[in-house]
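Quick look at what TrEMBL annotates:
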DOMAIN    2-450  domain 'K+ potassium transporter integral membrane'
DOMAIN    464-614  domain 'K+ potassium transporter C-terminal'
TRANSMEM  35-56  transmembrane segment
TRANSMEM  87-104  transmembrane segment
TRANSMEM  124-146  transmembrane segment
TRANSMEM  158-178  transmembrane segment
TRANSMEM  190-214  transmembrane segment
TRANSMEM  234-256  transmembrane segment
TRANSMEM  276-305  transmembrane segment
TRANSMEM  326-346  transmembrane segment
TRANSMEM  352-372  transmembrane segment
TRANSMEM  384-405  transmembrane segment
TRANSMEM  411-429  transmembrane segment
Amino acid sequence: MLGALGVVFGDIGTSPIYALRQGVSEAGTLDPAVVMGILSMIVWAVVIVVMGKYVCYVMRADNEGEGGIVALTALVRSGYEQKGQRVPHVLLMAGLFGAAMFYGDSMITPAVSVLSAVEGLRQVSAKFDPVVVPLAAAILVALFMFQRRGTAVVGKSFGPVMSIWFVYLAAVGIYRIAQHPDVLRALSPMYAWALVHTHAALAFTILGAVILALTGAEALYADIGHFGRRAIRLAWLFVVFPAIIIGYFGQAATILHQPGSAKQPFFFAAPDWALIPTVLIALLATVIASQAVISGAFSMTSQAIELGFLPRLRVIETSPSQRGQVYVPAVNALLFAAVIFLVLAFRSSDKLTSAYGIAVGLTMLITTVQMVSLARNVWRWPWLAVAALSAPLIAIDALLVAANIHKIPQGGWFPVAAGIVLFVLMSTWHRGLELAQRHASRAQPLDEFLHGALDASDPPARVPGTAVYPGSTPGATPSALTSNVRHNRVLHQTTVIFANRPESAPRVDEHTRIEVRDLGAGCYEVISRHGFVERPNLPRLLASLDGQLGDWRFDPKHTTFFLPRDEAMPGCSHGQMTRWRERLFGEMSFHSASSAEYFGLRSEDVVELGVQVVL
């Protein structure tokens, strides 16, 4: 549970720094009825969306222990595949768009979190005002530079630090509530209803700030693979939920009885003597929250690559003992550039929060829509039960998104634009890969190709050693093998055709992972399955085959791996993709990470053969 506190709840746990402040700012009034209404809206939004939707409902949808929008999309797809059907295109695209919006959220969270904490220095002294933005930028630069070293060591301190943070939130909240206990009346949803009833337009506007209290809800679901449902639920119910709710009540009490505190209620709620410690603990907590979001983006990228939603990128495992601890340099560079741009361009957490809500709301809405398909097609719930549960949740998510649309010109355009660009990249890659694999499956059958080559009047020369040809379609002839036999006229004494099959499940049972087929004449086909959180290591897999390929034993010194270097040509899809998407797919394919690195191969053991791809 301590580990979950340090990783899962960083984002939602630091929302009290800015959520209520932004709600009061959006209202433009300190009328007690309005402040109590905003507080009630935040409390019940957390109860319904985080507690009801995510903790009680969405977290049931684990894909063999894994969660998150990508894992959920894979689970929905596997449900259709098990019935022999193709997943509806709109559901798959919705999942990709949700993942793209998660990246947009990952760009904003570090910027707004760290900047909001550093702004607390202004409450210490106005002299700190000129250094707020440079200091926030410097902290974020250090954070992103640190990523390559991994978080396994420093991550051990995340749990204790966040535990102190939540205790602090509750302690300050209790301190302020004890002074003004009348604020507890906002526990009644009638205060939220009264605000909606008497000031409907204002309440709708305030919803755009209420969503800030829900940021990080998706992390509860995304991290179940690392900590499990039980630990996350216990941490939420007994630590996080009480602490943040008490913290919000304490801030509201401060605003009601100290109107000048509305500009920074989180920092004003602390006693004067505790202001500097408050800034320091807030800064630590927001750095941890940022780290959790960045690590989540790395993990989701790794999953998306294995599921064919992104091209191969360089993925570095940073912990030999903890699965899922990865570093993706390309994603780190993208997030770093975006975060620093946001800090320098907006220069204020007030302005940045305008860009925040739309990405969060869209991701939550897409998750709910995917859950409808899952509940109906995988869990086999009756339509009445699905509609009764999903309709209110979709309505709430849609309201939260609608309340943030007006913020697009104020900064909301950034995550939307970033999400659209990433969605175009992901959908183009997925479509291009689908067409390429469809074409590969129509290639000459492997048995037919080998028998035809060996029985020909001028067969290829048999050369000593072992050749391994990785491919993706079982039973099909890899393009590198075709090129080597037809153009170089050689076939090694031992030839292993390796068919790599990623599955929609996160992990594959070791007993069913490998399937070997003897093709005769020293040729073998090895079909290897792996889940989307696993990475295929070809030398390790070949070493595990000792005794399964006759007398052959894996010897790295006498084994050569022949890999294709694909090049997609313009017009290669024959009208199934637009010309600009063909070019985009070609560029993504050309700049994708080496297959050698993906399969864990040494460069000196690899021969790459250029192959023109037809989609």
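Cβ atoms are placed via backbone N, Cα and C, with glycine included.
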Going along the chain, which residues at least six beyond the ends of the transmembrane segment (124-146) come within the CB cut-off of under 8 Å?
110-111, 114-115, 118, 154, 275-276, 279, 283, 287, 290-291, 294, 332, 335-336, 339-340, 343-344, 347
Tertiary contacts of the transmembrane segment (87-104), defined by C-beta under 8 angstroms and 6+ residue spacing from its ends, are 69-70, 72-73, 76-77, 80-81, 218, 296-297, 300, 304, 309, 335, 359, 362-363, 366-367, 369-370, 373, 414-416, 418-420, 422-423, 426-427, 430
Counting only pairs at least 6 apart in sequence, do the transmembrane segment (190-214) and the transmembrane segment (276-305) share 3+ Cβ pairs under 8 Å?
no
Among 158-178, 276-305, 384-405, stretch most in contact with the transmembrane segment (234-256) (C-beta, under 8 angstroms)
158-178
Surrounding residues of the transmembrane segment (384-405) on its own chain - C-beta under 8 Å, 6+ positions past either end
48-49, 53, 57, 204-208, 210-211, 214, 357-358, 361-362, 364-365, 368-369, 371-372, 375-376, 412
Please compute the mean pLDDT of the model over the domain 'K+ potassium transporter C-terminal' (464-614).
83
